[in-house]
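A.B. asks: Have a look at the structure that comes next, please.
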Amino acid sequence: MSDDWVEIYTDGACKGNPGPGGWGALLIYKGVKRELWGGEPDTTNNRMELMAAIRALAELKRPCKVRLVTDSQYVMQGINDWMPNWKKRGWKTASKQPVKNADLWQQLDEQVNRHEVSWQWVRGHTGHPGNEQADLLANRGVVQAKRQPIV
């Protein structure tokens, strides 16, 4: 990977679905690592996967070339297959239903448009160092979320 690229590894976690959830992201640029995490007391795993990518991309101060690595098929399919049609249909599915998590998909779309993003899927929990670190961070977010009041 060229030094011009920012590498981002993201993951989401949820204890119960819905339940307390966390997101984590590892950003690497020119050998410097930055860890981000957070959580919500009542959420879903898919929302946390999306939040990880959104928050990581939003952290970048200027437009960048990004390689974003995720273990989420939901995020990969959404970004590559579903989103173009959702946008054409006014954020509706093929069956004319509102897109689930449209608020986050729209935020992700906004962030992706700021950067040049190359998406890569990796299988989770297979020892990939960046993905494993993102998983640890997401679980840190779950612990944080469990301490937050729901109201």
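Counting starts with 1 at the first residue shown.
Just so you know, glycine gets a Cβ as well, placed from its N, Cα and C.
Note that this is a predicted model, so its numbers are computed, not measured.
So Swiss-Prot says this about it:
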BINDING   Asp11, Glu49, Asp71  Mg(2+) 1 binding site
BINDING   Asp11, Asp135  Mg(2+) 2 binding site
DOMAIN    2-143  domain 'RNase H type-1'
A.B. asks: Counting every protein chain present, what is the number of Cβ atoms, excluding its own, within 10 Å of the Cβ of Asp11 (Mg(2+) 1 binding site)?
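C.D. replies: A count of 32.
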A.B. asks: Around the Cβ of Asp71 (Mg(2+) 1 binding site), how many other Cβ atoms lie within 10 Å? Please give the count over every shown protein chain.
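C.D. replies: I get 21 for this one.
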A.B. asks: Could you give the Cα-Cα distance between Asp135 (Mg(2+) 2 binding site) and Glu49 (Mg(2+) 1 binding site), in whole Å?
C.D. replies: 11
A.B. asks: Counting all other Cβ atoms within 10 Å across every protein chain shown, which of the binding-site residues Glu49, Asp135 scores highest?
C.D. replies: Glu49
A.B. asks: Using the recorded Mg(2+) 1 site (Asp11, Glu49, Asp71) as reference, state which further residues of the same chain have their Cβ within 8 Å of the centre of those residues' Cβ atoms, listed in sequence order.
C.D. replies: Thr10, Gly12, Ala13, Met48, Ala52, Thr70, Ser72, Val75, Gly124, Asn131, Ala134, Asp135, Ala138
